[in-house]
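See below for the structure under consideration.
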Amino acid sequence: MDLWQLLLTLALAGSSDAFSGSEPTAAILSRASWSLQSVNPGLKTNSSKEPKFTKCRSPERETFSCHWTDAVHHGSKSLGPIQLFYTRRNIQEWTQEWKECPDYVSAGENSCYFNSSFTSVWIPYCIKLTSNGDTVDGKCFSVDEIVQPDPPIALNWTLLNVSLTGIHADIQVRWEAPPNADIQKGWMVLEYELQYKEVNETKWKMMDPILSTSVPVYSLKVDKEYEVRVRSKRRNSGNYGEFSEVLYVTLPQMNQFTCEEDFYFPWLLIIIFGIFGLTVMLFVFLFSKQQRIKMLILPPVPVPKIKGIDPDLLKEGKLEEVNTILAIHDSYKPEFHSDDSWVEFIELDIDEPDEKNEGSDTDRLLSSDHQKSHSNLGVKDGDSGRTSCYEPDILETDFNANNIHEGTSEVAQPQRLKGEADLLCLDQKNQNKSPYHDACPAAQQSSVIQAEKNKPQPLPTDGAESTHQAAHIQLSNPSSLANIDFYAQVSDITPAGSVVLSPGQKNKAGMSQCDMHLEMVSLCQEDFIMDNAYFCEADAKKCIPVAPHIKVESHIEPSFNQEDIYITTESLTTTAGRPGTTEHIPGSEMPVPDYTSIHIVQSPQGLILNATALPLPGKEFLSSCGYVSTDQLNKIMP
């Protein structure tokens, strides 16, 4: 493809020689040459050994010059003299002919100089090189495109200041514009670029272009030699021209202590030594305070200590001695009055009270009370046997209708205890058939009648009458006392909160036992008044020492009903003293267990109560009135 283009160019050149006087032919040749170059810029009309244009420049935008290379001869063929032809590409004047270079000498060898008379700034130029009539190279350009100013002249520098350390200094570099550039009239506006470097360096440091002819250069090292040069170009167009002559700048030594190299503060060395010093101080501190730090990080395990007990006993595991010490000291004794929360209430089957109590002594004792309080039946007992002497603040409203009923209950409690003693005496009289016991019912009857006379009469309200009133009325009749059994079982609870007893095991005893019960009841009445169906162990002890112990000849095994039964204090006391006939020294005290804790719920109406622990021989008995466990009950029972 390149060969055919070359042949076409040669053909056009030959036709131009044949028609040298024809201007249109020359224009066609020039147009063809430039079209070939535009299609393939690397394409040259001549070989690489032929002359070609190197540059065209206008230093002041008024004149310009073009330069080319020398021709190289190859073989026997030699080129003729090189000629430059130019033409102005005026669109309106296509008839203008090609003209030869006006001056081959002023711009130097292998150059053509165009003075101001041949220079037109706004009209493009086309030039070509020919040898023996053949075009070897050509190009088109505008004068504004080839403006390259001459180098600035008269470079110098002045010292501005020196740093406090005497290591760096600032200078001011000045120069003058090219003498042929019309700067004063504004025909050209130039930009300047300054470059500097140390003498031994190869890379130049460039500064930003400026419009002025002076620029400061900062932070130059003292005792160093620098090279400075400047070049210029037309503002916003064109290329930079040649550099000016190199200006050498040498800064003298301002301080005799100034070193050749830069003085750098040894920050890294200071940081390393600082870290090392802090590490050493930290290790010294840890070594001196290691015991205290160890206690802070790993505190010692506290030694087991109990006030009044040797810690060695706990370490050696001597639990028996520890328990003995705990039993001696009052402050370590356990409390037995905690609530039994597993029993919430007792449900009573009182839908048909007449059928349940029909034909029994309880029916005869409480016949009048059931008629008056039948409308109040169906009440649930929420006490569950948990009330003790440690709970004196329980409201009386659960057992009485109003404050008047409270007075009635307080008076009725001693009468009830006395009535139970009378019942026991009557029962023994009927069994023994002894005339000696005939005086007991009379005394009992007189005491009951006297108690009823002294008892205040309450107002007639619902639930105000106690079941013991009916019991005392029945006791006043001598004919009915013979058939009354010993009441030791709870069969019902009235709406007012009183306990209804049922006949239990008969106790055979002599007349002295009857007198003992009467005297014990009278003494208990003098000391305190019982408010509840159960009483505290401390209160029971007040009654026990007065009663003398007698010799019991025979005992009958009490049979406990598995339904509707409460095991009371009297029944368990009788059972505990059953094995063998024993004689007691007069005046000795026999502790009576206090049954205030529910042990087993056998049926909706049957409960078995736990007794508090009796004092063992040689040990102090606990004075609290709390609930006791089954193990303590087993220790008391033989």
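Each Cβ is built from the backbone N, Cα and C atoms, and glycine gets one as well.
The feature N-linked glycosylation site is assigned by Swiss-Prot to Asn46 (among others), with sequence analysis given as support.
Other Cβ atoms within 10 Å of the Cβ of Asn115 (N-linked glycosylation site) number 13 in total over all chains. Taken from Swiss-Prot, the feature N-linked glycosylation site applies to Asn115 (among others).
Taking the Cβ of Asn156 (N-linked glycosylation site) as centre and 10 Å as the limit, one finds 13 other Cβ atoms among all the protein chains shown. The feature N-linked glycosylation site is assigned by Swiss-Prot to Asn156 (among others).
Summarising the annotation, Swiss-Prot assigns N-linked glycosylation site to Asn161 (among others). Other C-beta atoms found within 10 angstroms of the C-beta of Asn161 (N-linked glycosylation site) number 10, with every protein chain shown included.
In sequence order, no residues are near Asn200 (N-linked glycosylation site), counting only same-chain partners six or more apart with C-beta under 8 A. Residues annotated as N-linked glycosylation site in Swiss-Prot, with sequence analysis given as evidence: Asn200 (among others).
According to Swiss-Prot, the feature motif 'WSXWS motif' maps to 240-244, an assignment based on similarity to another entry. With helix defined as DSSP H, G or I and strand as E or B, the motif 'WSXWS motif' (240-244) counts 0 helix, 0 strand, 5 coil.
Per Swiss-Prot, topological domain 'Cytoplasmic' is recorded for 289-638, and the stated evidence type is sequence analysis.
Per-residue pLDDT, averaged across the region 'Required for JAK2 binding' (294-379), gives 61. According to Swiss-Prot, the feature region 'Required for JAK2 binding' maps to 294-379, an assignment based on similarity to another entry.
The annotation motif 'Box 1 motif' is assigned in Swiss-Prot to 297-305.
The annotation motif 'UbE motif' is assigned in Swiss-Prot to 340-349.
Marked as phosphoserine by Swiss-Prot on the basis of similarity to another entry: Ser341.
As annotated by Swiss-Prot, region 'Disordered' applies to 353-388.
Annotation comment: Swiss-Prot describes Tyr487 (among others) as phosphotyrosine.
Taken from Swiss-Prot, the feature phosphotyrosine applies to Tyr595 (among others), supported by similarity to another entry.
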### Task
Could you give the residue numbers and ranges of same-chain residues that sit at least 6 residues beyond the motif 'WSXWS motif' (240-244) on either side and whose C-beta is under 8 angstroms from one of its C-beta atoms?
57, 59, 148-153, 155, 175, 178, 193, 195, 229-233
### Query
How many whole Å apart are the CA atoms of Asn115 (N-linked glycosylation site) and Asn156 (N-linked glycosylation site)?
33
### Summary
Asn161 (N-linked glycosylation site) falls, by three-state DSSP, under strand
